[in-house]
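Noted in Swiss-Prot for the protein shown:
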| type | residues | note |
| --- | --- | --- |
| DISULFID | C84-C100 | disulfide bond |
| CARBOHYD | N207 | N-linked glycosylation site |
| DISULFID | C266-C277 | disulfide bond |
| ACT_SITE | D340 | active site, charge relay system |
| ACT_SITE | H455 | active site, charge relay system |
| REPEAT | 567-577 | repeat '2' |
| REPEAT | 578-588 | repeat '3' |
| COMPBIAS | 583-599 | compositional bias 'Polar residues' |
| REPEAT | 589-599 | repeat '4' |
Amino acid sequence: MGRLEVLFLGLTCCLAAACAAKLGAVYTEGGFVEGVNKKLSLLGGDSVDIFKGIPFATAKTLENPQRHPGWQGTLKATDFKKRCLQATITQDDTYGQEDCLYLNIWVPQGRKQVSHDLPVMVWIYGGAFLMGSGQGANFLKNYLYDGEEIATRGNVIVVTFNYRVGPLGFLSTGDANLPGNFGLRDQHMAIAWVKRNIAAFGGDPDNITIFGESAGAASVSLQTLSPYNKGLIRRAISQSGVALSPWAIQENPLFWAKTIAKKVGCPTEDTAKMAGCLKITDPRALTLAYRLPLKSQEYPIVHYLAFIPVVDGDFIPDDPINLYDNAADIDYLAGINDMDGHLFATVDVPAIDKAKQDVTEEDFYRLVSGHTVAKGLKGTQATFDIYTESWAQDPSQENMKKTVVAFETDILFLIPTEMALAQHRAHAKSAKTYSYLFSHPSRMPIYPKWMGADHADDLQYVFGKPFATPLGYRAQDRTVSKAMIAYWTNFAKSGDPNMGNSPVPTHWYPYTTENGNYLDINKKITSTSMKEHLREKFLKFWAVTFEMLPTVVGDHTPPEDDSEAAPVPPTDDSQGGPVPPTDDSQTTPVPPTDNSQAGDSVEAQMPGPIGF
């Protein structure tokens, strides 16, 4: 065999990620780990070291995670581990396993020497706190959260990891017997492991950025607010979710704990006995006890997201809005997709994506009432009025459907994100604040032509999929991906998305409450992409007009009489506009909040995984 043939075979070996990592065997607190090195071209040069499946913690069912005890010999870190136990998409079975707390690392390497002191980006996945994994969705071994493109294009270390989800990650009795937040504590353990060990991989332990999307973005926000992470995190990026999101904190965990306990045959009157029983129940039974009907639900879908973080007096010691002093020195970048609410609107108002089915005023009014229960009839009416102002001039179905999506986007994503940005800015000491809107239209061919960027549409661009799978994307998609990776990794390096090794298409100015600066990210990013005060009219409505209305329902409990109830919409033209209900049968119900309201009908409506 000739020398050229030998060389070719050797290069092919490395391109298949079968060569030993350039770092060699790396010593961690648990023992030695050895990954693989993947060459980025046949001619050699740059490469990436990849370590998959490194254990960072262990955990028993419904208990806090503990440090992993370590291993003997050298761990071959070459394959992703199974995700944490969760329901399948059909919710009639489970997959994954309880032994799931593993992380993955991508380290870019140059031609001559191994990397050192690189910024570190730690990814937290979304999935409604119900599903997901550190590697993400898989299509022909092409994993969504493969960190290679970010690492090599941005010259940063990328870390992803698993954390517990669903009842196993967030079931809580609301007291010390079962405090919950196990999934958040898993995340913290991964961040702390990175802090202690990443220097051995060439990373800078004093320059860690956590970033995430949806439930992962809310997790990022909550991690910056938790006193447990003091000194661990330098910067944070929240994509479509914050700690102040209406779906990020469960205010009534005991109700849902009792509901699950009843389903699996555990006592419910005493939380200590209930917790003890739940901890020894088959984890698969606990997981499958939570189920969601994805149609014909009585309330907006977010009301059914039961197993999510709680204020436990410890890891999350207070209402998140009171914890922003803890993030005063953490640079923060946050934003939303311009039609983030579309995914949820398709569940709440199924006609949204159906060309031959109309959205009616009644549909929208009922949706609004479900989201404005706390302010009763006046809140529902005021909200309905401001969002439907354009309908008189443009009663087209396109305009009406876009209004529904805009409303869900505002209340679930934009308003809480703007609140979080303002809180961060108000409490920041040395930290900087940046805001964005992602508006590159969805590539889903089944969506209406008016569709913008749906929930999670940004993920493929942040993780460089237009480069990893070029045949599936257009040149404009690669332009968007290149810009997002550049801004994100520059921010991780310096706290400024403009400053770093990667050139950017235009200068991104910091956010303040006075200027309302945000960068509009799409295929054409120019100086005109820097804009101010996103949807200012609606922000003012929610912050001023809506907030000034008297609260008639506290803590999501039902109204006591019809005068306070959220109304149902008109049913014919003679009514002219939405009117309040005239009897109990017309009142829009609110989700149950305590055991007195529990029953078979409630359990039949109980949700499972969707969206966030």
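Numbers run from 1 along the shown chain.
Quick reminder: no glycine exception, Cβ is built from N, Cα and C everywhere.
Structural mapping of features recorded in Swiss-Prot.
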{"residue": "C84", "record": "disulfide bond", "CB count, 10 Å": "28"}
{"residue": "C100", "record": "disulfide bond", "CB count, 10 Å": "25"}
{"residue": "N207", "record": "N-linked glycosylation site", "CB count, 10 Å": "20"}
{"residue": "C266", "record": "disulfide bond", "CB count, 10 Å": "20"}
{"residue": "C277", "record": "disulfide bond", "CB count, 10 Å": "16"}
{"residue": "D340", "record": "active site, charge relay system", "CB count, 10 Å": "32"}
{"residue": "H455", "record": "active site, charge relay system", "CB count, 10 Å": "27"}
By Cα-Cα distance, the member of recorded positions C100, D340, H455 nearest C266 (disulfide bond): C100
C84, C100, N207, C277, D340 screened against H455 (active site, charge relay system), Cα within 10 Å - retained recorded positions: D340
Spatially closest candidate among C100, N207, D340, the listed recorded positions, to C277 (disulfide bond) (Cα to Cα): C100
Where C266 (disulfide bond) sits in the secondary structure, as DSSP reduces it to three classes: coil
DSSP three-state assignment (helix, strand or coil) for the residue listed as 'N-linked glycosylation site': strand
Assigned element (helix, strand, coil) containing H455 (active site, charge relay system), judged by DSSP: coil
